[in-house]
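Trainee: Just passing along the structure, written as structure tokens.
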Amino acid sequence: MSVKPLIILPDPVLRQVSKPVERFDDQLRKFASDMFDTMYDAPGIGLAAIQVGEPIRMLVIDLAKEGEPKAPHIFVNPTIVQSSDKRSTYEEGCLSIPDYYAEVERPATVKVNYFDADGKPQSMEADGLMATCLQHEIDHLNGVLFIDHISKLKRDMVIKKFKKLASQRASKKVL
């Protein structure tokens, strides 16, 4: 088990656009396993590679509830190829923005093309929480955070709070 440190707002790494994965090998599968370990440890239901400092287009999701068998999904180079006009709203949070939640409206259903960890092309049609989670994590791969979907006033308040916390953490390290 290898838990990676999470990148936390306001770290500019979170705004990077991730590069496509070109090699599907044991190293990629090991990294996916580490991502699951990190996500489960946090705990969370989704994690993009950029959130652990790797700017590659890969994400992991597991929506299994506590007490249910794990249901891990690996998405490499995912692309939303279709989304519904119908919208749904979910309260979202993010491992990179701890303890902050906000309602975000997104397309209710999406179709995503992606590769599995072995490089085999896959496609998934998703609705509900899976659709929301896929859009949230794919946003990360494009340098977009869920707070970018809320009002500027709320977003600015969140960023200010996390900049202050980062400054406090940095000053403690200096001591």
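For all residues, glycine too, the Cβ spot is worked out from N, Cα and C.
It should be emphasised that the depicted structure is a prediction, and the values quoted were computed from it without experimental measurement.
Residues or ranges marked as Fe cation binding site by Swiss-Prot on the basis of sequence analysis: CYS94, HIS136, HIS140. Here Swiss-Prot flags GLU137 as active site.
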Trainee: Roughly how many angstrom lie between the C-alpha atoms of GLU137 (active site) and CYS94 (Fe cation binding site)?
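Mentor: One finds 9 Å between the Cα atoms of these residues.
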Trainee: According to DSSP, which kind of secondary structure is CYS94 (Fe cation binding site) found in, if we only use helix, strand and coil?
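Mentor: CYS94 (Fe cation binding site) sits in a strand per DSSP.
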Trainee: Other residues near the Fe cation site, CB within 8 A of the CB centroid of CYS94, HIS136, HIS140?
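Mentor: Result: GLY46, ALA48, GLN51, GLU92, LEU95, SER96, GLU137, ASP139, LEU145, PHE146.
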